[in-house]
Amino acid sequence: MIITTVYFILVAIAVLALIFGAILGFASVKLKVEADPIVEKIDALLPQSQCGQCGYPGCKPYAEAIANGDDITKCIPGGQTVIVNIAELMGVEPPTTDIEGDPAPMVAFIDEDMCIGCTKCIQACPVDAIIGTNKAMHTIIPDLCTGCELCVPPCPTDCISMIKVESTIHNWNWKFDPKLVIPIVDTTTTQKKLIKGE
């Protein structure tokens, strides 16, 4: 009698699970909300540093705001390049600025003599550009730093400062159109044929 009751309960639970699963599966297909594809495209253009300098909690909410008509010039780490790309995607004219090109990029710098190794800057960095361990010296990886300045306020010793990245021949962004590069062709076989008269 008890075994029959247990089997009945197990079968009833399994049937209910199948029914509710079918209802949820049907609802997920029929009631699916399609994401706005323009939001996804704008979000892909943003630098994904989630720094909040635009006034939004991350890049995805800012992309949604841009799709709803917000200003496209709020992404500081993205600079003029992101503004132009978003304007091109949205089919609008990029806003004119007083600054030619991108502003000078900034990166964080840790004065290692003052660093106490509290790891507060590591926790604040959205792109993991700071390395170090607890109670040990920390340092910045400049190639990863977006200059969002989120690591500066939590530092209890004020050992983090923002410095300009000086353009040198080694780190300058060489912008050129690969279509304009003239290929180098080996003409020695052609010259030999011309000399031999073939």
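Using the three backbone atoms N, Cα and C, a Cβ is placed for every residue, glycine included.
Swiss-Prot lists 1-28 with the feature region 'Hydrophobic'.
Applying DSSP to the domain '4Fe-4S' (34-92) sorts its residues as follows: 30 helix, 0 strand, 29 coil. If you look up Swiss-Prot, you'll see 34-92 marked as domain '4Fe-4S'.
Per Swiss-Prot, the feature [4Fe-4S] cluster 1 binding site maps to Cys51, Cys54, Cys59, Cys75. For Cys54 ([4Fe-4S] cluster 1 binding site), the count of additional Cβ atoms within 10 Å of its Cβ stands at 23 [all protein chains shown].
Residue counts for the domain '4Fe-4S ferredoxin-type 1' (106-135) under DSSP (helix as H, G, I; strand as E, B; rest coil) come to 5 helix, 7 strand, 18 coil. Residues or ranges marked as domain '4Fe-4S ferredoxin-type 1' by Swiss-Prot on the basis of sequence analysis: 106-135.
Here Swiss-Prot flags Cys115, Cys118, Cys121, Cys155 as [4Fe-4S] cluster 2 binding site, drawing on sequence analysis. Cys155 ([4Fe-4S] cluster 2 binding site) falls within neither a helix nor a strand when secondary structure is assigned with DSSP, and so counts as coil.
If you take the C-beta of Cys151 ([4Fe-4S] cluster 3 binding site) and look for same-chain residues 6 or more apart in sequence within under 8 angstroms, you find Ala108, Cys121, Ala124, Cys125, Ile130, Ile160. Summarising the annotation, Swiss-Prot assigns [4Fe-4S] cluster 3 binding site to Cys125, Cys145, Cys148, Cys151.
Packing against the domain '4Fe-4S ferredoxin-type 2' (136-165) from elsewhere in the chain are residues 47, 49, 51-53, 76-77, 104-130, 171: each is 6 or more residues past its ends and has a CB under 8 Å from a CB in it. Taken from Swiss-Prot, the feature domain '4Fe-4S ferredoxin-type 2' covers 136-165, and the record attributes it to sequence analysis.
Across the structure, Cys118 ([4Fe-4S] cluster 2 binding site) and Cys145 ([4Fe-4S] cluster 3 binding site) are spaced 19 Å apart at their Cα atoms. Long-range Cβ contacts of the domain '4Fe-4S ferredoxin-type 1' (106-135) within its own chain (Cβ-Cβ under 8 Å, at least 6 residues beyond either end) map to 49-51, 141-142, 144-165. For Cys148 ([4Fe-4S] cluster 3 binding site), the nearest neighbour among the listed binding-site residues (Cys54, Cys59, Cys155), judged by C-alpha distance, is Cys54. Same-chain neighbours of the [4Fe-4S] cluster 1 site beyond Cys51, Cys54, Cys59, Cys75, judged by a C-beta within 8 angstroms of the site's C-beta center, are, in sequence order, Leu46, Pro47, Ser49, Gln50, Gly52, Gln53, Tyr56, Gly58, Tyr62, Lys74, Ile76, Pro77, Gly78. With the fewest other Cβ atoms inside 10 Å of its Cβ, the least crowded of the binding-site residues Cys59, Cys115 in this structure is Cys115.
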